[in-house]
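Right, one structure below, let's go through it.
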Amino acid sequence: MGFICGFSIATGAAARLLSGYDSYGNICGQKNVKVEGIVNSGLDLTQKKYVFFLDPCNIDLVHQKIKSLALCVSACPRKELKTLADVQKFAETNGSTLCSYELQPSEYTTDPRAAKLCPKYPVPESAPIPFFHRCAPVNISCYAKFAEALITFVSDSSVLHRLISGVMTSKEIIMGLCLLSLVLSMILMVIIRYISRVLVWILTIIVILGSLGGTGVLWWLYAKQRISASDVETQIAKENLQALLIYAISATVFTVILFLIMLIMRKRVALTIALFHVAGKVFIHLPLLVFQPFWTFFVLILFWTYWITVLLFLGTTGNPVPNEEGFVEFRMVGPLKYMWWYHVVGLIWISEFILACQQMTVAGAVVTYYFTREKRNLPFTPILASVNRLVCYHLGTVAKGSFIITLVKIPRMILMYIHTQLKGKENACARCMLKACICCLWCLEKCLTYLNQNAYTATAINSTNFCTSAKDAFVILVENALRVAAINTVGDFMLFLGKVLIVCSTGLAGIMLLNYQRDYTVWVLPLIIVCLFAFLVAHCFLSIYEMVVDVLFLCFAIDTKYNDGSPGREFYMDKVLMEFVENSRKSMKEAGRGGGAEGRELKPMVGADEEVAILQEFHFYFFSLFVFTDCTSSGEVFVLCITQDVLLFLFVSLPITWMAEFLSQLRPSPVKVR
């Protein structure tokens, strides 16, 4: 990628991008070299530093460029020029010729070629774009066609205008709600730190009440507006009524799914509570962990800025070539024209690399905390120590892990692009196969991401390479997945409930505030913007907590595998986790009725038969929900949906259950307590 950047700059692309160039291949603001066969090329344009388009509103939507003759001028017209006489007067007054180079200002009103070589009038008022030396119209109304073309789901321009007016009318409310989501996220982080023991139950109760209350409020608002509806109702009020109905139905379906998941996981919270309590202590000892998302986001912004800049360089790189109209375009020939493909791969790989560096940094700091018996002996800055180890020893591990994710992500993105291009053209079978492939690659990507994160934790513990760490992490996960994976999932699910709580609270506040503007404001876009921002903010804060819980879980699994609490093999775990282990032993002893040595074994926290029963229960509830949803469809849609759900149940859900039962038979013998 450094070579691509250097090549684009060395071939003059940086100058063409920043200074701009005219339709004859001349770079504005400097002396130029003559292009063979092109008139008006090789001019000395030292005094003409701005690019001016004769018809800036003539936009080619297919090729995404301005389809107009471009010239280098010394100044942009700061006021509207309505006639050629005004253009001539502007040239004589400011010395900036807005017509083609072969015309002199005195010929603007007399030469018949002026209709083609002079700007289309009225010439709009324009101003130079900072740093890029292009004259852009101050009134961007001429770009409305291009903006509407980008929003493909809007077929009526009046809908787009109402949506935009709704956002502009509610901009103060949107900003206030975004600030509210930030405050709620920070409050939730404080609550997690200090009341982690009861956090799971508090979140569960609040989410249950919130989902029921939110659903009830939506149905109440819908019923209230439906009763008060009249024949003189405005179009905006009708659209808001329809939006309320959609929101209420969606909230009802979401609440039902939420209840099903919580019903299945209601008994799997003991270890989660212990892990949350220890995670709260981690944040007390390592408060800088909270700022990890901000540092990562800052680095990503810097890289994305660099990437976009180089991409723009590549867009102006190449040799001058005459086009069909006799003007100059810069095109690369040979293998070099495919450099932007590698540049796209670099975007994915380095973005994943930066995120992986964050995971390795967090894992290193948490591992240092967990395996330090005396917490007062912790390094002064465990996070900086973790960053130092990452830079000195583990960059190759992070690069390899991120590259594996890139190899899976690229085919999925290609399939998604193909699916988008063939939308409406392929048959039902092809559509189903494409969606199935995309779904499988997405699942594989998520599984590899989770395995990579645990591999980074294993690397932080043992300082081994990526492949060895991934193998060790996989073995640990297989040995413990069917015992506590469901419990660990509860932790992620509880944090997800925290995100849902913030989004629902912000969205509910938005609904109540926007309800006062229902007669003249469309709710859809403002509410979507607020909810998306609230989710992103909550995700930035809680993703670090989720990462800490996952790292603590793997440390706990390794600790219980190689230590049993006997002299010389003492546990590293916190007292809360140790109490959990002791309670598990006591419950196993009671279940085994004190059966000698077998009662003294460190048994699984969840039995194999019970684990399989959990999976079967989940599959039953989930399949029942799918069938119920399918029954609401009709005709061909019902047949297609029920077929997909049956295939999903037979070829995904049942094999997972059988594989879980098979893996439960491969567990190693339990560790004896001496």
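Backbone N, Cα and C define each Cβ position, glycine as well.
Unlike curated records, TrEMBL annotations are generated automatically.
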For the feature transmembrane segment as recorded in TrEMBL, pick the matching range from 427-448, 493-514. 493-514
Chain residues in Cβ proximity to the transmembrane segment (297-318) (below 8 Å; excluding those fewer than six residues from its ends, i.e. six or more beyond): 1, 4-5, 7-9, 11-14, 16-17, 21, 330-333, 337, 339-340, 343, 346-347, 350-351, 354-355, 540
Would you call the transmembrane segment (198-223) and the transmembrane segment (338-371) in contact, using three or more Cβ pairs under 8 Å, pairs 6 or more apart in sequence? no
Spatial neighbours of the transmembrane segment (173-192) not adjacent in sequence (6+ beyond its ends, CB under 8 Å) are 167, 199, 202, 276, 279-280, 283, 290, 498, 501-503, 505-506, 509-510, 513-514, 526, 529-530, 533-534, 537-538, 540-542, 545
